[in-house]
Amino acid sequence: MHDLKSIRDNPDGFDAGLKRRGLEPKAAAILDLDTRRRAAQTAFQEMQARRNDASKQIGALKKSGGDASALMDEVASLKERMPAAEEEDKALGAEIESILASIPNLPASDVPDGPDEDHNVELRKWGTPKSFAFTALDHDAIGAKLGLMDFDGAAKLSGARFVVLKGQLARLQRAIGQFMLDLQTVEHGYTEMDPPLMVKDGAAFGTGQLPKFGEDLFKTNTGHWLIPTAEVPLTNLVSDEILDEKALPLRMTALTPCFRSEAGAAGKDTRGMIRQHQFHKVEMVSIAHPDASGAEHERMTQCAETVLQRLGLAYRVIVLCTGDMGFSAQKTYDIEVWLPGQQRYREISSCSNCGDFQARRMKARFRPEGEKGTRFVHTLNGSGLAVGRTLIAVMENYQREDGTIEVPEALRPYMGGLEVIG
């Protein structure tokens, strides 16, 4: 959510930020509504003050035996007019809030400009993309040959974009999730959480999924939304809270199922596990001091990178351009892992600094030490990592010519010492 005062103070700057996002200017329309609303507020307040003053005068006249009929007529007229002014104030306020709620976060100054993913900028690479003396297979071909990945059975149960993992492959996915959680909690200091998988409208609004992206979510018949990421419940834990400055940063992590309708993904990644309606992910969330959120963003991204380094998986880090960032982000790093079966890098983590954008929607604040007032916190979120896509990366990078899969050393303690699957 955007600060109306900052739009009043710098409308050109606001429109410039929207232009970088590929959007039309909106400041003038917002400020016109704001002017009309403030006029309605002033009119209502003036009528209210006059009514109160006249009522006192009426009381005094009645006590003294004077004629209060003219004042009584005036008060009656004010009472008739006041509801319309109050209603106009509320209606204009709601219209402003609706517009502000639909506008994405403005990009940070160091985010590269561009309309789409072709304008993202590579920052660094780690590791050498794996090559084989044989033709590398996609993960779905590997899983099918092992008889441990069943898309047909999942389709019979649930339709497209689901999978049933079996035996040691199911165990490997569980091991990956546990390995990630242990790394993020024990070594990186995140507090493990086990949040609800369903949230109310207010939580989905707070992190920016609503009102614009409801079609990307699954909704229950009770009105709850299935979480698309643990970012939603974890971040909203601080909604309507005033935190102590000493408590910052708050770092939380959770391994949860995630649910996405993939409404805009028709025809994309229809084979395999790359794009599923249901998947597991370890999410990292930080609630940070505004002055420290930039450094926290770099730290969070490194925490995600460490997972891939421990697993020996080559990857690259890119900074998303203005046209490819998510709705709530002011700056985003994507981590893309090398998949030999596809001969390309694919996204496995997205780490975003949302500034105070989500905090304003959630009313999440902190009280600076020694000050009476409060400030909005900054919120950050990142995958640490997507478990299913990490499973894909392990399968493709550790495949062997005989169709088996070598278990990375870092995962063997979670697999009972197992070294090879198949």
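The chain as shown is numbered from 1 upward.
Each residue, glycine too, has its Cβ placed from N, Cα and C.
Marked as L-serine binding site by Swiss-Prot: THR229, ALA230, GLU231, GLU283, SER383. Taken from Swiss-Prot, the feature ATP binding site applies to ARG260, SER261, GLU262, GLU347, ILE348, SER349, SER350, supported by sequence analysis. Residues or ranges marked as region 'Disordered' by Swiss-Prot: 1-20.
In sequence order, THR207, GLU283, VAL285, ASN381 make up the list of same-chain residues 6 or more apart from GLU231 (L-serine binding site) whose Cβ falls under 8 Å from its Cβ. A Cβ within 8 Å of the Cβ centre of THR229, ALA230, GLU231, GLU283, SER383, the residues given for L-serine, is found for these other residues of the same chain: VAL232, LEU234, ALA254, THR256, CYS258, LYS281, VAL282, MET284, VAL285, ASN381, GLY382. Checking Cα-Cα distances from SER349 (ATP binding site) against the binding-site residues (THR229, ALA230, SER383) with a 10 Å cut-off leaves SER383, in sequence order. Broken down with DSSP, the region 'Disordered' (1-20) shows 16 helix, 0 strand, 4 coil. Take the Cα of ILE348 (ATP binding site) and measure to each of the binding-site residues THR229, ALA230, SER383: the nearest one is SER383.
When the CA atoms are compared, no binding-site residues among the candidates ARG260, SER261, GLU262 lie within 10 A of SER383 (L-serine binding site).
Cα separation, ARG260 (ATP binding site) to ALA230 (L-serine binding site), rounded: 12 Å. Here the CA atom of THR229 (L-serine binding site) lies 15 Å from the CA atom of GLU347 (ATP binding site). Between the alpha carbons (Cα) of ALA230 (L-serine binding site) and GLU262 (ATP binding site) lies a span of roughly 17 Å. Here the C-alpha separation of GLU262 (ATP binding site) and THR229 (L-serine binding site) works out to 13 Å. The Cβ of GLU262 (ATP binding site) has 14 neighbouring Cβ atoms from other residues within 10 Å, across all protein chains displayed. Taking CA atoms as the reference points, SER261 (ATP binding site) and THR229 (L-serine binding site) are 12 Å apart. The Cβ of THR229 (L-serine binding site) lies under 8 Å from the Cβ of CYS258, LYS281, GLU283, ASN381, SER383, each of these being in the same chain and 6 or more residues away along the sequence.
The secondary structure of SER383 (L-serine binding site), as reduced to three states from DSSP, is extended strand. In the structure as shown, the Cβ atom of ILE348 (ATP binding site) sits within 10 Å of 25 other Cβ atoms.
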